[in-house]
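J.: One structure follows; several queries about it will come next.
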Amino acid sequence: MFGTLASGEIETARLNRNLGITSNLGVSCGGFEDFAMRFEGENMVPYKGEEQEEEEDQVVVNETTPFQFQQPLFLQQQQKLVVGYALTSKKKKSFLQPKLELLARRKGIFFVAIDLNRPLSEQGPFDVVLHKLLGKEWEEVIEDYQQKHPEVTVLDPPGSIQRIYNRQSMLQGMADLKLSDCSGSLFVPKQMVVLKDSAASADAVVEAGLKFPLVAKPLWIDGTAKSHQLYLAYDRRSLAELDPPLVLQEFVNHGGVMFKVFVVGDVIKVMRRFSLPNVSNCEKAKVDGVFQFPRVSSAAASADNADLDPRVAELPPKPFLEALVKELRSLLGLRLFNIDMIREHGSKNVFYVIDINYFPGYGKLPDYEQVFVDFFQNLAQVKYKKRQHCK
C-alpha cells in the first residue's frame, strides 16, 4: 500500500488506472487540515493537495518502478511528536480531555500511555515524557531513563519536582530573586516547621517572631487529600490540635482573593480565586481554636467574574509576573507549575507567594488545550532544529 490519498478533483477510476492500484487504494477526506496529515497506526501519511495530484497523473507505477513520494518542504519541517505520559487516573481524566487530544493530533502530537509494568527504556520511542507520579521507585526510573535517553525531554526532572513537594524547601530562595527593577515587591510569609509535638512548639513560634493567626499546612505534599488540608490556628493553645509534621505560616490579610499564576513553558495565565477573608483585630481577640478551611483553589471558588473591589481584584502587573516566572523557572528547574500569590491588603503592588504546585489542575484554565498544543509544538520545533544543526 502506497498511502492514503485525499479525495479532490481526481476521479477514483483515473487514480486506479494511472497508479495501477486496485483494492489497496484508500480514499479519505482526511481530518487534519492544519498540518495536512493523517495518522494511521504508527505511520504519518501525507495529505496530497491538487498540485501534487496533478503531478502524479504523469507517474506510471509498474513492477520495476517503485512508487516514491516527495513531501513538500513545509510538510517535511512539521514533525510528529510522541508524548509518553505517566499520570494517575485522576490526573489523566482531568488533563487528557478529548478536545486536547483532538487539537494535538491535528498538529502531529500524539499521547501514548506508559506501561508501568514494563521497563521504560523498552517503550517508545518518545520525544517527551510527561509525568506526575510519586515515589522513590518512579523517581529512580525517570532519572535512569534521562541518563540513557538525553535526547528525550522529561517534564519535569524528578529532583526539581521533589523540592516543591516539601513545603519547607518549596519557598527557599525566593528572597534572592532579582526583581528589583519590576513594578512590584515580592515576599514570603514568615514560617517555621514543626516536626513533632505541636503543643510544645508554641514557645518556638513566639521566639521566631510569628504572629497569630497562623496557617498550618502539612509539611509534605504526597498526592493525598490530607496533604492539602489547611487550618487557621488562632492562638497558642490551638497548636496542640494540629498533627505534625507541618509548616506554620503567618496569615497575611489579602482581601479574600488569591491569584493562581499558571505557567506552561514561557506562557503565563492568571486566574483569581476566592480565599479566606481578612481577619480583624477584633476577631483575633474573640476567636480561639483551629478552623479548617476548604481548598480555596477549587474550581467552584473562581472569582474571575465576581463583582470585587478593583483594588483587590486587579491582577499583578504583567512585567512583574514575567520577571518572577523567569526567575522561578531558573530557580526551580520546572516548566509546568503554578504559583499561589496574594496581594497584601491595603497595598497596590506588595505580593506574597504562599504556595507552588507542580503540574497543577490545568483543566480549570480556559483554553488550556491550545496552550499545551502550542507548548508541545514549540518543543517539536526545537528538537527539529537541533537535529538539522547536527546533520
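Any Cβ shown, glycine's included, is placed from N, Cα and C.
So Swiss-Prot says this about it:
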BINDING   Lys90, Lys132, His228, Lys260, Asn357  1D-myo-inositol 1,3,4-trisphosphate binding site
BINDING   Arg167, Lys217, 249-260, Ser275  ATP binding site
BINDING   Asp340, Asp355  Mg(2+) 1 binding site
BINDING   Asp355, Asn357  Mg(2+) 2 binding site
DOMAIN    178-384  domain 'ATP-grasp'
J.: Per DSSP, Gly255 (ATP binding site) is which: helix, strand or coil?
T.: coil
J.: Relative to the Cα of Lys260 (1D-myo-inositol 1,3,4-trisphosphate binding site), which of the binding-site residues Arg167, Gln249, Ser275, Asp340 have a Cα no more than 10 Å away?
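T.: Final answer, ordered: Asp340.
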J.: Based on Cα coordinates, which of the following binding-site residues are within 10 Å of Asn357 (1D-myo-inositol 1,3,4-trisphosphate binding site): Asn253, Gly255, Ser275, Asp340?
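T.: Cα filter at 10 Å returns Asp340.
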J.: Take the C-alpha atoms of Asp355 (Mg(2+) 1 binding site) and Arg167 (ATP binding site) and report the distance between them in angstrom, rounded.
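T.: Asp355 (Mg(2+) 1 binding site) to Arg167 (ATP binding site), Cα-Cα distance: 8 Å.
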J.: How big is the Cα-to-Cα gap, in Å, between Val257 (ATP binding site) and Asp340 (Mg(2+) 1 binding site)?
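T.: Answer for this pair: 11 Å between alpha carbons.
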J.: Determine, to the nearest whole angstrom, how far the Cα atom of His228 (1D-myo-inositol 1,3,4-trisphosphate binding site) is from the Cα atom of Arg167 (ATP binding site).
T.: 11
J.: Please identify, among the binding-site residues Phe251, Gly255, Phe259, Asp340, the one with the smallest Cα-Cα distance to Lys132 (1D-myo-inositol 1,3,4-trisphosphate binding site).
T.: Asp340
J.: Per 10 Å Cβ neighbour count, which of the binding-site residues Asp340, Asp355 ranks highest?
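T.: Top count of Cβ atoms within 10 Å goes to Asp355.
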J.: I'd like to know which of the binding-site residues Gln249, Asn253, Ser275 has the most other Cβ atoms within 10 Å of its Cβ.
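T.: The residue with the most neighbouring Cβ atoms within 10 Å is Gln249.
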J.: Give me the non-local Cβ neighbours of Phe259 (ATP binding site): same chain, 6+ apart in sequence, Cβ-Cβ under 8 Å, ordered along the sequence.
T.: Val270, Met271, Arg272, Arg273, Leu315, Pro316, Asp340, Met341, Ile342, Arg343
J.: Distance between Phe251 (ATP binding site) and Lys90 (1D-myo-inositol 1,3,4-trisphosphate binding site) at the Cα atoms, whole Å?
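T.: Given the Cα positions, Phe251 (ATP binding site) is 31 Å from Lys90 (1D-myo-inositol 1,3,4-trisphosphate binding site).
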J.: Take the C-alpha atoms of Gln249 (ATP binding site) and Lys90 (1D-myo-inositol 1,3,4-trisphosphate binding site) and report the distance between them in angstrom, rounded.
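T.: Pair distance, Cα basis, whole Å: 29 Å.
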J.: Fill in the CA-CA distance, Asn253 (ATP binding site) to Lys90 (1D-myo-inositol 1,3,4-trisphosphate binding site), as an integer in Å.
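T.: Between the Cα atoms of Asn253 (ATP binding site) and Lys90 (1D-myo-inositol 1,3,4-trisphosphate binding site), the distance comes to 33 Å.
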J.: Let me know how many other Cβ atoms fall within 10 Å of the Cβ of Lys90 (1D-myo-inositol 1,3,4-trisphosphate binding site).
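T.: If we count other Cβ atoms within 10 Å of Lys90 (1D-myo-inositol 1,3,4-trisphosphate binding site), we arrive at 11.
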